[in-house]
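One structure is given here, and the rest of the page talks about it.
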Amino acid sequence: MNAVTKITPHADYKIADISLADWGRKELDIAEHEMPGLMSIRRKHAQTTPLKDVRITGSLHMTIQTAVLIETLKDIGANVRWASCNIFSTQDHAAAAIAATGTPVFAWKGETLEEYWDCTLDALTFTLPDGTLTGPELVVDDGGDVTLLIHKGYELENGSTWVDEPASSHEESVIKALLKRVAVERPGYWARVVKDWKGVSEETTTGVHRLYQIAEAGKLLIPAINVNDSVTKSKFDNLYGCRESLADGLKRAMDVMLAGKVAVVCGYGDVGKGSAASLRAYGARVVVTEIDPICALQASMEGFEVNTIESTLGRADIYVTTTGNKDIITVEHLQAMKDQAIVCNIGHFDNEIQVDALKALKDVQKINIKPQVDKYVFPNGNAIFLLADGRLVNLGCATGHPSFVMSNSFANQTLAQIDLWEKRDTYEKKVYILPKHLDEEVARLHLEKIGVKLTTLTKDQADYLGVDVAGPYKPDHYRY
């Protein structure tokens, strides 16, 4: 482990370097000015502290922007423990700034998978005054890892044999080993965690997909709020965030000229739309791949070529996966690519690209160029560059989305946490979406910062539309 661990009555953290705290604090101050939604919520609720003494575990990229979210949750009363949701996404100066305030944080850039899952367990382990180990009352999740760990741990205590089944990946084997260890070291721990757990708010598409799968199987243990599908998250973070941060990641990793290159974007959902726009803005010739005829038609109407991955092999210079699905780029695709092709992912997990299969190929030489940039040379002499080991390129090779767009997402997260706690006795064990009036509130909080002035409906106009003058203005089924 290359992290610094400190556990005392006044500090509890595992980070890279606490001396980076001053730098982190300076960037936090800058970010706060770019995050009007979070800061407004902080001011509004600082006196009433709606999350007073609520134990919250966060599993979300430990960036400067996330640090502003953490301090917002703390300022409205929460007792917070945090880990990153990706082995490469932590900004070490952000983690140091949070650790320096006394908030337990367990994250550093470049964790191993074993370290990552240990950090996740650390983040969800709270100690009661009598010394009993317990868990969070609320969870902020990104990708569903905390939710997965608690559910699998609880199932193990109730007779599940999943941990003894063959693992489908190295990461799954790490999770199973951790659960076996906890079963020995902390008997009955997951039952105590579930007893107090009141809800989770989920940040990203992949995590939401996991939640719906668990709910459909009748195994969801708590109410969950799908933050990802709030309009002010999916249509802003996923779209406009990727539009800026994808090119940033590619440029920092490879210093590559994008103009004139053939770039393949796999998937044309919100993330794919932002990614395709990012590459086209720099002059790349973009090819989109899609399974969905509606998304394919959208891409075509925007002027993109829509074709298969196979049709691009040997001619494309850059590949970006955005789908949230697995095996999008296979090892056979990688071997058939143009020499020196750049391959990366901006979907949540690394299984969009068959990285494990690539590493298992015989006679393939791996050359590390710099952190998160690896060159794989095939026996025929051709090579590809794999960025961030197939994980999120914008966070692994750059610093992720800009602060302003993350203020939208994190304002939603904060409101979701408040909503889950205030309605903890009425919410059922199913997946919810934040109501439209809160979605509109989040948008409204960001308008002044960019000089937007809204038109106001007259009473007659509002009556004609069948809405309130103050909103909400659209029905839930409206597609923005």
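All residue numbers here begin at 1 and follow the chain in the order shown.
Backbone N, Cα and C define each Cβ position, glycine as well.
Mapped onto three states, the DSSP output places Asp142 (substrate binding site) in coil. Swiss-Prot lists Thr63, Asp142, Glu203, Lys233, Asp237 with the feature substrate binding site, giving sequence analysis as the kind of evidence.
Annotation comment: Swiss-Prot describes 204-206, Asn238, 267-272, Glu290, Asn325, 346-348, Asn394 as NAD(+) binding site. In sequence order, Val288, Thr289, Glu290, Cys295, Thr321, Thr322, Thr323, Gly324, Asn325, Ile328, Gly347 make up the list of same-chain residues 6 or more apart from Gly267 (NAD(+) binding site) whose Cβ falls under 8 Å from its Cβ. According to DSSP, Gly267 (NAD(+) binding site) is assigned to coil rather than to any helix or strand.
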When DSSP is mapped onto helix/strand/coil, what comes out for Thr63 (substrate binding site)? coil
Give me the CA-CA distance between Ile346 (NAD(+) binding site) and Asp142 (substrate binding site), in Å, as a whole number. 14
About how far apart, in whole Å, are the alpha carbons (Cα) of Thr63 (substrate binding site) and His348 (NAD(+) binding site)? 16
Across the listed substrate-binding residues, Thr63, Asp142, Glu203, Lys233, Asp237, what is the farthest Cα to Cα distance, given in whole Å? 17
With Cβ-Cβ distance below 8 Å and at least 6 positions apart along the chain, what are the contacts of Asp237 (substrate binding site)? List them in sequence order. His401, Val405, Met406, Asn408, Ser409
